[in-house]
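Listed features, source Swiss-Prot:
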ACT_SITE  D168  active site, proton acceptor
BINDING   I31, G32, K33, G34, S35, F36, A37, Q38, V39, K54  ATP binding site
COMPBIAS  339-374  compositional bias 'Basic and acidic residues'
COMPBIAS  390-399  compositional bias 'Polar residues'
COMPBIAS  516-538  compositional bias 'Polar residues'
COMPBIAS  556-565  compositional bias 'Polar residues'
REGION    339-455  region 'Disordered'
REGION    501-577  region 'Disordered'
Amino acid sequence: MADRLPTSTSSGRRRRDGDASIGEFVIGGEIGKGSFAQVYSGHHKNSKAAVAIKSVEMGRLNNKLRENLYGEIQILKTLRHPHIVALHDCVESATHINLVMEYCELGDLSFFIKKRDRHGTNAATEDMARKYPVTPGSGLHEVVTRHFLQQLASALKFLREKNYVHRDVKPQNLLLLPSPGFRKENSRPILTASNDSLIPNAGLASLPMLKLADFGFARVLPSTSLADTLCGSPLYMAPEILRYERYDAKADLWSVGTVLYEMITGRPPFRARNHVELLRKIEATEDKVKYPKDAVVSKDLVKLIGKLLTRNPVERMRFEDFFNDPVVVGPIPGVVEDDIPKVEQKPSRDLRSLEADPQREQSELAKSPRERPLRSPQLPSPDEVRVPQANVSARTGQSPGREIGEGLGIRRPPMPQPSTSAPSRPHRLSNASLNRPPIRASASPPTSYLNERKLRPVTERSMTEQDKAAQDVAFERDYVVVEKKHVEVNAFADEMAANPRLTSLSPKNGQMVRRATQQGPPTSTTGAGRMQPSSAVQIAQGKGRPGHDHPCVSLASRSLNTSSAARAPLRPCTTRSPRIRHRHPLLLLDSSVTADRAHHLTKMHGSSSSSKTSHIVVIVYMALPKSSLSNFSLWHLPWITPWVAPLPTKSMRMVLLSRQRWLCLRRLSCFTSRL
């Protein structure tokens with residue numbers, strides 16, 4: 001065991017003759033003295049790292065103080081925080097207990113405040129004094145005050161998370177170290193308890209670092225518990241302690257308020273010769289803290305100090321509010337540019353992964369734009385982007401998918417050929433449409449499209465067949481006139497009547513596969529997918545599958561031939577379909593019209609019809625099973641889709657056509673099966 005530590009006088013002689021040692025540490029000169037202990041500087045024998053050694057004489061302690069000392073040792077062993085003085089080792093002898101702790105070169109906050117006018121003469125504080133000079137008649141600069149407050153709050157928050165109450169927060173127990181930058185270049189190495197022990201957790205890295213010390217009166221005290229021990233320094237005691245009342249952890253907040261007041265003004269808020277006089281002065285203020293005339297204090301600090309120095313602990317600021325106060329967590333105003341914390345730009349996750357895997361980067365670059373992952377760039381608002389239709393048509397005629405997809409980093413399928421007879425108006429690009437995930441475009445509601453997508457797969461066809469069908473669809477565009485709510489279709493029935501191949505189609509395999517198209521006009525720049533020709537269009541254009549009969553179509557053709565309307569003889573359809581002289585509008589009715597009412601209108605108009613231009617209500621979904629009613633709409637007519645896409649879909653249930661076209665649709669099984 002080590003012998004009794006020397007006094008300051010003998011320590012000087014010991015340094016000349018050979019320093020005393022305690023375990024692995026060498027004792028130096030005295031740097032502080034308290035009621036029951038002396039504090040010496042020291043260093044580690046091997047690393048020469050500086051330490052502070054607190055030597056307590058056991059003979060001067062009563063049982064209560066001895067219990068407090070052992071309690072302090074147990075608490076310090078469990079605490080590891082950048083703003084709490086760490087305990088390295090504890091060496092006990094017959095007469096002394098020696099606590100080896102972190103070394104704080106600048107002393108305590110009380111000394112720092114008293115010597116504030118001489119900060120410019122100390123190399124460790126010279127830069128701080130130049131940037132944040134002290135105002136005459138006031139305390140520390142507000143930037144320095146807020147800096148120390150944030151670090152003290154960080155330490156107290158750590159204690160509250162462990163249900164500790166310090167009970168002796170005062171400037172004498174707040175120790176200071178030079179800033180990390182100064183220590184790195186000038187100071188001798190300091191023995192640390194952890195890797196981040198000397199890295200500030202709050203405040204500014206360019207200013208001195210604060211650490212909370214002296215846990216002799218600390219104890220475990222949950223937020224719902226009370227204590228009744230009279231302890232701490234009277235000038236910084238909470239009034240409930242001075243009144244010998246039971247108190248909770250909020251007593252530390254009162255002490256924080258007194259320390260904050262002393263930092264900003266240079267003196268304690270209340271001074272007296274004894275406890276009674278001190279309590280009387282506190283009661284006399286009635287929670288209205290007075291400041292010296294020369295003190296420079298911001299409104300935020302005045303407000304915070306008022307909340308902390310509230311006599312009634314119930315009305316006093318809570319710890320949660322204190323830790324979230326803008327003064328504690330917010331940026332410090334008035335900081336010089338050199339001290340503003342630099343925000344490190346960290347690479348994104350994708351960039352880090354590509355840097356770690358060069359092969360993946362090469363593979364990503366090798367991918368085509370269609371295969372690359374979707375990224376959403378920052379795009380202007382919809383009002384800022386207007387694309388004239390003429391320009392869109394010119395681009396989409398070349399390679400719209402590649403041009404738009406590569407230019408904006410968006411994966412797009414090939415777009416359909418634009419219509420030359422579509423309404424000539426500009427279309428806007430929106431962030432929503434450009435940032436939309438790469439899916440098959442659908443002009444119907446999303447829910448309906450998802451349900452149908454699960455029920456049937458989309459048939460893949462070769463590009464040659466797609467091009468031919470797209471040309472045929474382009475021929476049909478010439479016979480469609482778009483008016484707000486009326487769409488006129490003329491070519492479909494004539495193609496059926498004029499094409500003899502329709503008689504060889506099978507009713508079992510004849511089905512119309514719903515094609516996914518993007519909502520919007522045919523020249524929309526939102527990246528609608530290229531429409532593959534549907535079965536119905538192929539049937540209409542004479543592209544049915546050979547070897548399959550379709551008696552319904554044959555019946556429709558015969559009914560067309562026997563109708564009162566004069567018809568051209570059946571002939572192969574090798575070119576574009578003939579123009580129809582009479583226009584028969586396709587009317588979209590509201591879904592509120594019942595099936596019975598529509599059937600009645602069908603009979604009424606059918607019996608009174610004597611001309612080709614008479615209109616008959618056709619309920620397209622009458623021949624469908626109930627399970628298909630919610631999914632069927634005019635979107636199943638692929639040549640209509642580009643023209644009715646901007647219209648609401650829920651009202652598209654009933655169609656007004658001439659009798660001939662109604663018979664064709666009614667008898668064409670591809671509209672009534674496996675939709």
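Just so you know, glycine gets a Cβ as well, placed from its N, Cα and C.
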Binding-site residues (I31, A37, V39), the one with most neighbouring Cβ atoms at 10 Å: A37
D168 (active site, proton acceptor) and I31 (ATP binding site), Cα-Cα, nearest whole angstrom: 21
D168 (active site, proton acceptor) and A37 (ATP binding site), Cα-Cα, nearest whole angstrom: 17
Rounded Cα-Cα span from the residue listed as 'active site, proton acceptor' to K33 (ATP binding site), Å: 17
Nearest-integer angstrom distance between the alpha carbons (Cα) of D168 (active site, proton acceptor) and V39 (ATP binding site): 18
DSSP three-state assignment for the residue listed as 'active site, proton acceptor': coil
Sparsest Cβ surroundings (other CB atoms within 10 Å) among the recorded positions K33, S35, D168: S35
DSSP-derived class (H/G/I helix, E/B strand, else coil) of V39 (ATP binding site): strand
Whole-number Å value of the largest CA-CA distance among I31, G32, K33, G34, S35, F36, A37, Q38, V39, K54, listed as ATP-binding: 15
